[in-house]
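Features of the protein shown, as given by TrEMBL:
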- 176-200: transmembrane segment (TRANSMEM)
- 266-285: transmembrane segment (TRANSMEM)
- 329-350: transmembrane segment (TRANSMEM)
- 394-420: transmembrane segment (TRANSMEM)
- 441-463: transmembrane segment (TRANSMEM)
Amino acid sequence: MVGYWDVKCSWNSAIFASIPAYKYTAAFTTKDYSQHNESWGGVDLDRIRSNTIEFERLDNTQCIERYINSLNYGKDVVVVTNKTSSANDGHAFLGSYDLDSWPYEGLWICASPDVGSRLGDRGCTSDFIKSFMKNWTVVYKNEPYYNSSDIRESVPVLYCLSAGVHSKDEGCGVHFSVPIMIFVCILNLIKCLSVCWTAYYNWTAQPFSTTGDAEAFYLQNPDVYTKGISSASRHDFPRGGPWSSEPKIWKPQRLRWYQAASPRRWVVVLVLCITSLTTVTFLLGEAIAERKRDSAPTNLIALWKEGLGAVSDHELIGRGFNRSATQTFLETVLLANAPQLLFSFLYYLYNGLLTCMSVAEEQSHHGVARKPLRVSAPVGNQRSTWFLSLPYRYGVPLIICSGLLHWLISQAMFFVRVLMYNNDGSVDIASSASRVGFSPIGIILAFTLASILVVVLVAIGFINRFPGGERAMPLISTCSAAITAACHAPEDDKDAYLLPVRWGVISLDDGVRHCSFTTARDVEPPLEGALYK
C-alpha cells in the first residue's frame, strides 16, 4: 500500500499542469459615451476608454458567450447600455467591475434584478441566460444584486465592445510541488528499506511464489502437524481455532468456484464494491441535478460533447477552501486522488478473490489426472510458470480493465490548478485557485466499467464448476494448512515433487484410508461414505 500511496496520491500530483485565468474589467457606459471625453475615474479605466475605437463589437449573445465562462479568456469589455448621459447627471460612465476571482468572474452577467430574481440557487450559465439574451439587463454597481438588500436600477444592454481574448496557449504551464516530491522521496525510501530488510533477514528462506512451490516443498518436507488429516479442506481449518484430527466420512459435492473463498470474504468485497458504486450513483445524481438547476443539458450526447476531464466553471468541488494556498493545494490533491486510492484498495480485494478461485480450480485438476506441479524454479518434470497465481485469461483482461478504470477515474475526478494573471502578465497567487473538477460523462463511464467488473466476478464464481464432476479432492485453495495436509506422500514416493502427481487414496490402515499427492499408478479417487484420515 505504500507503493500505491506513492504512485496514486503522490506522483499523480507532484508534477502537474495549470491553466490560466485572466483578470479583466467590465466597464458600463451610456449609449452616447463617444460624445464625452471625460475621465472614467482611473488610469486603467481611462486606458480602456481611449482604446474602445479598436475594440471588437459584440451583440448581446456574443458578449454573454465570451464572458459567461472565465476560461474563455476574455479581455477588458465595455458594456454599452440603453441609458443616456442626460439621465445620469451628464456623465457617460456608469460604473465598473474588476473581475479577479476565478471562477466567479462571469457573475456580473446575471447580477441584475430581472435576471437575479429568477436565478435562485442555479448557476449563472449560458444555458440559463439564453432566454434573457435579447432583453439582457445589467446593474453597474460593484455588488452583485443577490448579495445586496438594495433594489437597484437595471439597464438594458445594447452591445459590448471587447478588447478580444487571450490566446489559449498563453499562461499554461507545468509545475513542480516540493512538499509532495519530498513526500514521494520519503515513501520511496521506506520501500527501499523494506526491500533491503526483507532480503537481508530472509536471504536463505525459500519463497513460495505459487501454490506449486508450497506443494513441492511440503512433499519433500511433510508437515508433522497436519499428518493424518489428508482429506481436510480449507473449511476444516477455522481461523484462530483448533482443528480436528478425527477420521472423516467422505461426502463428494459438486462445488462452484465461489465456494473456494469464505462467505465473509465475499461479503466484504461485495459490500465495499456495492457501497462504492452506490456512492458514485448518488454523486452522479447530484451532479445531474445541479446541471438541471443550471439549465444545462443532461442527455448523454451533450455530456459526451463536453469531453472527458474537461474543466467547467460549474463542475467544481472545493469552492469553500479559504485557507493558505499550500493548504488548499494539498487538500485538493488528496480529494482528487481519493477515488484512485479507494479503487486501488478494492483492486487488491478483487484480485485476491479471483486468485483464490483460480488457485482452487488449478488444484482440482490434480484430482482427476496426473499433472506436474507449476513452480517458479522448475526441476525434473515440474512446469515453469509465466504467471504467479492468476492465469493470463483472467490476469491480462483484469490488468487492461484496471488500467482503463484508473484512467477513467482520473478523467471523472481530477485536480484543477488555475493561475490568475494580472494585466501586466504577472501571476496573482492570492487570486489563483486549486479545485477538484469532475466530469459527468467520465463518472458514467467509470461507473459502467466498475459495475461490469463486479458482475463478471460474481458470474465467474457462481457459474463455473470445478472439474471432475463430483469433487475428486477437497477444496484447498490458498489455505496453507490444507495444502500441507494434502502433501503426505508414501515413504517410497520421495521424488513425487519432481514428477506429475495426482491426489487420491494411497493406503488403507485399520479401515481408514489415507490420501495425498502421489505418483502412484494405482491411486484411486475417494469413495463416498468411506472414512479418510
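Every residue gets a Cβ built from N, Cα and C, even glycine.
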Outside the transmembrane segment (394-420), six or more residues from its ends: residues with CB under 8 Å to it: 12-13, 16-23, 100-103, 171, 173, 175, 308-309, 311, 316, 329, 332-333, 336-337, 339-340, 343, 347, 350-351, 354, 358, 387, 427-428, 431-439, 442-443, 445-446, 449-450, 453, 460
Beyond the flanks of the transmembrane segment (441-463) by at least 6 residues, Cβ under 8 Å: 256-258, 261, 266, 269-270, 273-274, 276-277, 280-281, 283-284, 287, 300, 303-304, 306-309, 343, 350, 353-354, 357, 394, 401, 404-405, 408-409, 411-413
Long-range Cβ neighbours of the transmembrane segment (266-285) (under 8 Å; 6 or more residues past either end): 258, 342, 346, 349-350, 353, 440, 443-444, 446-447, 450-451, 454, 457-458, 461
